[in-house]
Amino acid sequence: MKKYRDHYFLKAKQENYPARSVYKLKEIDNRFKIFRQGMKVLDLGAAPGSWSLGAAEKVGPRGRVLACDLQETDTVFPDNVTFMQENVFERSEAFENLLDEIAPFDVVISDMAPRTTGTRFTDQARSLELCLEALAVADRCLIKGGSFVVKIFMGPDVQELVQAMRQRFSAVKSFKPKSSRAESKETFYVCLGYRGVETSDTDK
């Protein structure tokens, strides 16, 4: 096991996080200041729960985190986190109702990743699909001026996502945290200042 992996793996265990990925979110927030006390956060692809725990710390007891994932998790969350086992591609009526109850969200974060096949092109295409679905959820429930953070496996089609995000946000920044593994193809896009979906005259 590589030294940097040892460091973040052990650090997560020592600080009672279920996964090392929380340090990626912490780096993102340190750089871009996306969280504030009292905010409402939607966490897509939340299991095993490290990002939700990290976000919950940042928004505090007056804030709220709605976490969802296809997989169940046995992580014990604080009172300001609600976890729901859910497929964001097939959002149930119960999930839609919960979105309506809590929305609008100040921040939508997505650490979703596909089951990898070992075929880079396939994995990248599936990652893009997840990112676009996360963006569609953000369109559904993100407040104007809000922020969106999404992970993608880099590939030739990433510009499709970047263009879609630039149509919606005042600023779109790419960022690879130091806590990401060096060989990983993942990159995070941090989008600030949500404007909404711009509609052309022909679409009106």
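Note: Cβ is positioned from N, Cα and C throughout, glycine not excepted.
Feature list (source: Swiss-Prot):
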BINDING   GLY49, TRP51, ASP69, ASN87, ASP111  S-adenosyl-L-methionine binding site
ACT_SITE  LYS151  active site, proton acceptor
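Shown here: features listed in Swiss-Prot, placed on the structure.
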residue	record	contacts (Cβ under 8 Å, 6+ apart)
GLY49	S-adenosyl-L-methionine binding site	PRO18, ALA19, ALA67, THR73, THR75, PHE77, VAL81, PHE83
TRP51	S-adenosyl-L-methionine binding site	SER21, VAL22, LEU25, ASP43, ALA67, ILE109, ASP111
ASP69	S-adenosyl-L-methionine binding site	LEU44, GLY45, ALA46, ALA47, PHE83, GLN85, GLU86
ASN87	S-adenosyl-L-methionine binding site	LEU70
LYS151	active site, proton acceptor	SER110, ASP111, MET112, ALA113, SER127, CYS131, GLU186, THR187, PHE188
Quiz item: Just counting, how many other CB atoms are there within 10 A of the CB of ASP111 (S-adenosyl-L-methionine binding site)?
Solution: 25
Quiz prompt | Secondary-structure category, per DSSP, in which TRP51 (S-adenosyl-L-methionine binding site) falls | solution = helix
Quiz prompt | ASP111 (S-adenosyl-L-methionine binding site) in three-state DSSP notation | solution = coil
